[in-house]
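Novice: For reference, TrEMBL lists these features for the protein:
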type: ACT_SITE; residues: Lys33; note: active site, proton acceptor
type: ACT_SITE; residues: Tyr258; note: active site, proton acceptor
type: BINDING; residues: Arg127, Met307; note: substrate binding site
type: DOMAIN; residues: 237-366; note: domain 'Alanine racemase C-terminal'
type: MOD_RES; residues: Lys33; note: N6-(pyridoxal phosphate)lysine
Amino acid sequence: MTRAEIVVDLAAIRDNVRTIAAFTGTPVMHVVKANGYGHGLLESARAGRAGGATWLGVAGVEEALALRAGGDSGPILAWLITASDDVAAAIGAGVDVAAYTVADLDRIAETGLTARVQLKLDTGLTRGGASRPDWTALFERARAGELDGSWKITGIWSHFVASEEPDETINDEQEKVFREGVDEARAAGLAPEVIHLANSAGALLRPSSRFDLVRIGIASYGLEPARGVSPIPLRPAMRVVAEVALVKDVPAGQGVSYNHRWVAPADTRVALVPVGYADGIPRAASNRADVAIYGGYRAPIRGTICMDQFVVDVFGEPTILVGDEVVLWGDPEQGVPSAQDWAEAAGTISYEVVTRIGGRLSRRYEDLGGDSREELA
Ligand SMILES: *Cc1c(COP(=O)(O)O)cnc(C)c1O
């Protein structure tokens, strides 16, 4: 092993996508934005395609172009395009581009290329997408552009506010408003190939939201949208490991790490883990998260997580030595902490834990098939 690395099990991504497609009975858009939620863009994309993902979803044009440069030739949607983005490059590469406004459509028309465009409707999230009072004008402009050959409207879609809380009535309201928008678009003469609304939690928890496609991000990587909500088992694809850099005895009353935010209540032994917040370890988990050493032995973090390192308590355990493997998070079935555990320790969500990890860690890929290779994170 190296001093610290991110190990990604591509078979887990493949299996999760396949399992979700079977469970939902719906084609899957595997979401690979943000470097595949920290798992690696191209590798995650290939694993998702191998699991049967019909579509790939990304936020930006750059991400979509990187997928094309990496050899992916299937359907891709890029949904967050800014004025300085090269929208013509995306269209030229056959990427479906999202449009939120008439101005977006005008800009697409200016490229002179025949685009594939997916209209995003804001059904209550109040983030991207067309606000309801603007739908009529958007649909009219969209249909006019189809008639003059500027584009084909390939999709109409929206995004949930609180899909991981299935009892929230906002989910029903959004779905109703979305159906009204789709009906209005059809009445305006549009005939989109795909209607889609659900992210992971919507797809898993709300069958009525599945429509033609489900956009699966976090669940593809084997993490639940929130603790305990998934009706099907998922296998976490990411394991973060490091080697013990030092062990030392600490006497009762001795403070540990910056500002001595932990003071040993009794004689103990601690181990030094050579990763820190510069690598994406959440500093907010100081004094709160655990790691596993030796496939299961739990060692709590003591004191403040620093830029390059942190200290864990091994309770005087004499068998833990320099060079031993520390698992920060991975598959809890293997007796190690989960990204969800770290999220709760740090007051955040597992999405943020996995997407922020990186820094100086290398990424290594494994597969049930046994091939593995290394690259710099
Ligand atoms: C990130 C994102 C998703 C995926 O959400 P998950 O909860 O990770 O499944 C789906 N759709 C949009 C628009 C997104 O931004």
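Glycine is treated like the rest: Cβ placed from N, Cα and C.
Any TrEMBL annotation is an automated prediction that lacks curation.
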Novice: For the recorded positions Lys33, Arg127, which one has its C-beta crowded by the most other C-beta atoms within 10 angstroms?
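Specialist: When each Cβ's neighbours within 10 Å are tallied, Lys33 leads.
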Novice: Give the residue counts of the domain 'Alanine racemase C-terminal' (237-366) per reduced DSSP state, in the order helix, strand, coil.
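Specialist: Result for the domain 'Alanine racemase C-terminal' (237-366), in helix, strand, coil order: 27 helix, 45 strand, 58 coil.
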Novice: Would you mind sorting out which recorded positions among Arg127, Tyr258, Met307 put a C-beta under 6 angstroms from ligand 1?
Specialist: none
Novice: Which whole-number value in Å describes the distance between the Cα atoms of Lys33 (active site, proton acceptor) and Arg127 (substrate binding site)?
Specialist: 17
Novice: How big is the gap, in Å, between the Cα of Arg127 (substrate binding site) and that of Tyr258 (active site, proton acceptor), rounded to a whole number?
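Specialist: Arg127 (substrate binding site) to Tyr258 (active site, proton acceptor), Cα-Cα distance: 40 Å.
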Novice: What is the interatomic distance between the Cα atoms of Tyr258 (active site, proton acceptor) and Met307 (substrate binding site), given in whole Å?
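Specialist: Pair distance, Cα basis, whole Å: 11 Å.
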Novice: Are there any residues at least 6 positions away along the chain from Met307 (substrate binding site) with a Cβ closer than 8 Å to its Cβ? List them or say none.
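Specialist: Non-local contacts for Met307 (substrate binding site): Gly276, Tyr277, Ala278.
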